[in-house]
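The block underneath contains the structure these notes are about, expressed in structure tokens.
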Amino acid sequence: MGKGASLSESVVKKVLLSYAYVGIWIFLSFTVIVYNKYILDKKMYNWPFPISLTMIHMGFCSFLAFLLIKVFNFVEPVTMSREMYLSSVVPIGALYSLSLWFSNSAYIYLSVSFIQMLKALMPVAVYSIGVMFKKESFKTETMANMLSISFGVAIAAYGEARFDTWGVILQLSAVAFEATRLVLIQILLTSKGITLNPITSLYYVAPCCLVFLFVPWMVVEMPVLRDTSSFHFDWVIFGTNSFCAFALNLAVFLLVGKTSALTMNVAGVVKDWLLIAFSWSVIKDTVTTINLAGYGVAFLGVCYYNAAKLKALKAKETQKQPQQTDEESGKLLEERGEKSEQA
């Protein structure tokens, strides 16, 4: 009785902690997206400099990651040779800088709700690029699901009241760069046995992003900022915004580390619906019936994709269990054999 009660208590505690990690991640992700929109949108804070904002984030994250690793020894740095850094981290950093730059730029032209609808294409991009790099096997059923998601997003785009071609190009490019980055992480780092948590990831990748963003910043935004004499750097706005971005990286580490990447994908679907509702009710973005119908189709496709992933993970775990049992039985027989020989 007491053992069963303690078991149920531990399960309840684990479930509650998982919900807490999900809640923290959704809140911080929600906050960063809305905060970036507030800063970049010409109708709100009116500071339309996405490269500069991304560089501020990367500079702040680099500084904090350096303090946590080198000064406070909060996390052990990963041993990495110069050759590995150049061949693995630099390409990932380049893609990450492009992904952040383009996704932040899209907030100037598109509504928060429509951007979330376009982000539903992320599984399509990851799967397609994974097939190209031979990290995913081509399956007709999966591709049909990817096409249904794409079809839903196309309907949502058709019904968008504030459709902006340049904004859509920017957001789709951001999705493509981010998907390629995720596949490259799997190829370049995971295959070499290197695992980076968000702090070590920022320690290595954030400075790299700063370098890659510096050149387009010099050409595109620096001349405009130099001529804008009325602008004064607001430490409160940009400081809290950067801190939220850093906290979001830690929340990702907590969520994926304590639950799974699949849990984050499912939580992302919930977050997207909350952002669409917030965008419509608070920011007063126009969300049409066709918008919602299209995103509903894409949403069902993403749900099916997540369910298929969960099924595959469970099948993989089921296959592992008999193997572990066989190994344990083999070890037990070996131990018994050794004991009988000694006797």
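Any Cβ shown, glycine's included, is placed from N, Cα and C.
Just so it is clear, the model here is predicted, and its values are computed rather than measured.
Packing against the transmembrane segment (16-35) from elsewhere in the chain are residues 112, 240-241, 244-245, 247-248, 251-252, 254-255, 258-259, 263-264, 267-268, 270-271, 274-275, 278, 283: each is 6 or more residues past its ends and has a CB under 8 Å from a CB in it. Positions annotated as transmembrane segment by TrEMBL: 16-35 (among others).
Positions annotated as domain 'Sugar phosphate transporter' by TrEMBL: 20-306.
As annotated by TrEMBL, transmembrane segment applies to 47-72 (among others). Counting only same-chain residues 6+ beyond the ends of the transmembrane segment (47-72), those with a CB under 8 A from a CB of the stretch are 36, 39-41, 97, 100-101, 104-105, 107-108, 199-200, 202-203, 206-207, 209-210, 213-214, 216-217, 220-221, 224-225, 231, 238-239, 241-243, 245-246, 249.
Taken from TrEMBL, the feature transmembrane segment covers 84-102 (among others).
What TrEMBL lists as transmembrane segment is 108-130 (among others).
The transmembrane segment annotation in TrEMBL covers 142-159 (among others).
Outside the transmembrane segment (165-189) by six or more residues, the chain places 87-88, 91-92, 95-96, 98-103, 105-106, 108-110, 115, 118-119, 121-122, 125-126, 128-130, 133, 135, 157, 195-196 with a CB less than 8 A from a CB of the stretch. Feature annotation from TrEMBL assigns transmembrane segment to 165-189 (among others).
Remote same-chain residues near the transmembrane segment (201-220) are listed as 51-52, 54-55, 58-59, 61-62, 64-66, 69, 77-78, 80, 85, 89-90, 92-94, 96-98, 100-101, 246, 249 (criterion: CB distance under 8 Å, separation of at least six residues from the stretch ends). Among the features that TrEMBL reports, transmembrane segment is placed at 201-220 (among others).
According to TrEMBL, the transmembrane segment annotation covers 235-255 (among others).
Same-chain neighbours of the transmembrane segment (289-307): 113-114, 117, 120-121, 123, 142, 145-146, 148-161, 262, 265-266, 269, 272-273, 276, counting only residues six or more beyond its ends whose CB sits under 8 Å from a CB of the stretch. What TrEMBL lists as transmembrane segment is 289-307 (among others).
What TrEMBL lists as region 'Disordered' is 316-343.
Look at TrEMBL and you will find 328-343 tagged as compositional bias 'Basic and acidic residues'.
Here the domain 'Sugar phosphate transporter' (20-306) returns a mean pLDDT of 88 for the predicted model.
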